[in-house]
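Shown next, in structure tokens, is the structure this report addresses.
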Amino acid sequence: MATIKVPATVPSPAEDCDQLRKAFQGWGTNERLIISILAHRTAAQRRAIRATYAETYGEELLKSLEDEISGDFERAVLLWTLDPADRDAQLANEALRGWNPSNRVLIEIACTRNSSELFDVRRAYHLRYKRSLEEDVAKHTTGDFRKLLVPLVSSYRYEGIEVSGKLVKSEAKMLHEKITEKAYSHEELIRIFTTRSKAQLIATINHYKNEYGKPINKDLKSDHKNEFLAALRAIIRCTFCPERYLEKVIRLAIKGLGTDENSLTRIITTRAEVDLKAIEAAYYKRNSVPLKQAIKGDTSGDYKAMLTALLGHDDA
């Protein structure tokens, strides 16, 4: 499912640090050398490189990278080099500081990470910002979004496959009643969406379709301009088929005249070690174009080289 390619024989962290230091020295930065190392190391290996670099040179690797590279390439390299939980904490904080109702980053993080990963994100957030993630979500959001997002980022969902058939029927009925009443922010509806396990929620949503003759997401499209309904639909899509949801984020990022580099960078760097191969397959199925080709046609230079390397290709 991951796309990154790690060499069969990986140099020691000390050797990698020595090569990175050489990439920073001289008249110009050797960006391709940076890519050849960092884009081909796992999270654990990158963590070891950062620790060794700080011990050897008395400087944080991220700081050295900030001094040497810039632009979209810099953001891609820095996000990739971070530990996954720390990266998600940074992305969550950025989303909150510039939050608006159409922002789906918090939903993306909360619903495509498992409970242990989300717990690690909350811990990393606390260490980095000296505040809890829940505290900042409550501070930066309002109204129905606050009611939805605070429990969404703070819940610790059951990860097993067991499903209660009794709950499936009663909660599908509850969802149908509240949606019919247009009580979209009712506490029971929010409770179901934010606390039930993935297996339980999927079973409930499937039962909803079978019982009431229409997918729940269609019933949640009564008002296309309602961002809260769009947020509920995003939760369902992220739960049901995260690779299709993330494919859409990438598709929209590179569609049209301009590129949404932030969204493109976020998905590639956060999923390259997880399920980017499945996202690639979903992209090809939806667009009949390989994701690598689409990215190469919409990006350039070292930024393009970094993203395609994370996709498992070094011929950018």
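For all residues, glycine too, the Cβ spot is worked out from N, Cα and C.
Note that the structure is a prediction, hence the values are computed from the model and not measured.
Annotated features, as they stand in TrEMBL:
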- F24, G26, G28, E68, I254, G258, T299: Ca(2+) 1 binding site (BINDING)
- D298: Ca(2+) 3 binding site (BINDING)
How many neighbouring Cβ atoms, not counting its own, are there within 10 Å of the Cβ of G258 (Ca(2+) 1 binding site)?
9
Including all protein chains shown, what's the count of other C-beta atoms within 10 A of the C-beta of G26 (Ca(2+) 1 binding site)?
8
Under 8 Å Cβ to Cβ from F24 (Ca(2+) 1 binding site), same chain, six or more residues apart: give me those in sequence order, or none if nothing qualifies.
S64, D67, E68
CA-CA, which of the binding-site residues G26, G28, I254, G258 lies nearest D298 (Ca(2+) 3 binding site)?
I254
